[in-house]
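Peer 1: Structure incoming, see below.
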Amino acid sequence: MPLLARTITTPLAVEVHAGALSHLGTLLADRRISAGGEVAVVVGPGVGKAAAERLRDGLSRAEIITITAGRHSDALELADKLRSRNFDAVVGIGGGRVIDTVKYASFRQGLPMVSVATSLANDGIASPVASLDRDGHSISYGAHIPIAVIVDLDFVRQAPIRQLRSGVGDALSNLSATADWQLSHDVTGEPIDGLAMALSRSSAEAVLRHPGELTDDDFLTSLADALILGGTAMAVAGTSLPCSGACHEIAHAVQENHPDAATHGEQVGVGALFATHLRGDSRMFEAMAATMKRHALPRTPGDIGLSVDEFTAAVAYAPRTRPGRYTILEHLNLDGSALRARITDFVDDLN
Ligand SMILES: [Zn+2]
């Protein structure tokens, strides 16, 4: 009997638990990523430093590099530094901005990257995408998926609560993104990948239905799993569609016009909730609205400091942030006044 299957690229190792970081040296050796510990350990100015200190005993040959993170130029600067020695791999320790900067710099240098997340603010921890600022715009660059992903709950538990809420927003947005992907498939014939869809949707459903509190280890594990599987879904599909639809178009538009309005995860959460309302999926809308309320995520334009008019302008502009993408926004193609009416309905339904 022929067993036909495809080969997919995923991290060699994924560890999500308290104390995971202390295994890093062993993991690098066991997985043949670096037998002698010749690695660059890259940290931001924040919590990564404390984490890197913990590694010193197990990784005495590592070079610790502190960077400023988040901009395309930061990644290029780091890529230059990585040329100075023959590293086996690069370990990025920190939040989303550090991880994305290290991911892109390692990719440019052709070095494997180990992602050590100290917060769970977005799905960049395991994705093949690096979001970096360039000339005032947030741009998504393709990169290699991390070779290993480590989430140490001892650090994540100490992350600011707002970062964890952001992670919940990014995870829940997959429920809206997969609905957009299905819509695009039905209407435009966009190819769909059932495995990527299943990974993204089922892991987001687990976060949606999880009864735990934001700081419970079992909830954080479910959240970490969802963000990692969302990243894996993008690698499986070869596109960000399993995790990015109207929710992300709206977030990119809000980000461009009101850069200080909210975090990425907060913006995509509001975007996903509004897109779900637009889609008329009342069961999903009520479930998402309840979960977001329970974890104190922003839900309305007002919650992220935008007036209805400002949010209307952002949503009207949203399709231009990702030309060629087909989501509920392009599908309905509402004009300004129709859009404003739908946004007013949306806000009313939440009050
Ligand atoms: Zn996202």
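Here, residue 1 is simply the first one shown, and the rest follow in order.
Even glycines carry a Cβ here, placed using N, Cα and C.
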Peer 1: If TrEMBL says ASP123, ASP170, HIS248 bind glycerol, which of HIS144, HIS185, HIS264, HIS277 does it name for the same site?
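Peer 2: As annotated by TrEMBL, ASP123, ASP170, HIS248 share the glycerol site with HIS264, chosen from HIS144, HIS185, HIS264, HIS277.
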Peer 1: For the NAD(+) site, TrEMBL lists GLY96, ARG97, VAL98, ILE99, ASP100; sort out which one of SER60, SER73, SER127 goes with them.
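Peer 2: According to TrEMBL, the candidate sharing the NAD(+) site with GLY96, ARG97, VAL98, ILE99, ASP100 is SER127.
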Peer 1: Taking ASP123 (glycerol binding site) as the reference, which of GLY96, ARG97, VAL98 (the binding-site residues) have a CA within 10 A of its CA?
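Peer 2: Checking each Cα against ASP123 (glycerol binding site), the hits are GLY96.
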Peer 1: Using only the residues recorded as binding glycerol (ASP123, ASP170, HIS248, HIS264), report the maximum Cα-Cα distance in Å, whole number please.
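Peer 2: With ASP123, ASP170, HIS248, HIS264 as the binding residues for glycerol, the largest Cα distance is 12 Å.
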Peer 1: If one measures from the C-alpha of HIS248 (glycerol binding site) to the C-alpha of ARG97 (NAD(+) binding site), what distance in angstrom results, rounded to a whole number?
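Peer 2: Checking the Cα atoms of HIS248 (glycerol binding site) and ARG97 (NAD(+) binding site) gives a distance of 17 Å.
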Peer 1: Output: those binding-site residues from GLY96, ARG97, ASP170 whose CB lies less than 6 Å from an atom of ligand 1, in sequence order; none if no residue fits.
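Peer 2: From GLY96, ARG97, ASP170, counting a Cβ under 6 Å from ligand 1 as near, the near ones are ASP170.
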Peer 1: In the same chain, outside GLY96, ARG97, VAL98, ILE99, ASP100, SER127, whose C-beta lies within 8 angstroms of the Cβ mean position for the NAD(+) site?
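Peer 2: Close Cβ neighbours, site residues excluded: ALA69, GLY92, GLY94, GLY95, THR101, VAL102, LYS103, ASN122, GLY124, ILE125, ALA130, SER131.
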Peer 1: Using Cα coordinates, what distance in whole Å links SER127 (NAD(+) binding site) and HIS264 (glycerol binding site)?
Peer 2: 15
Peer 1: Determine, from DSSP, whether ASP123 (glycerol binding site) sits in helix, strand or coil.
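Peer 2: In the DSSP reduction, ASP123 (glycerol binding site) maps to helix.
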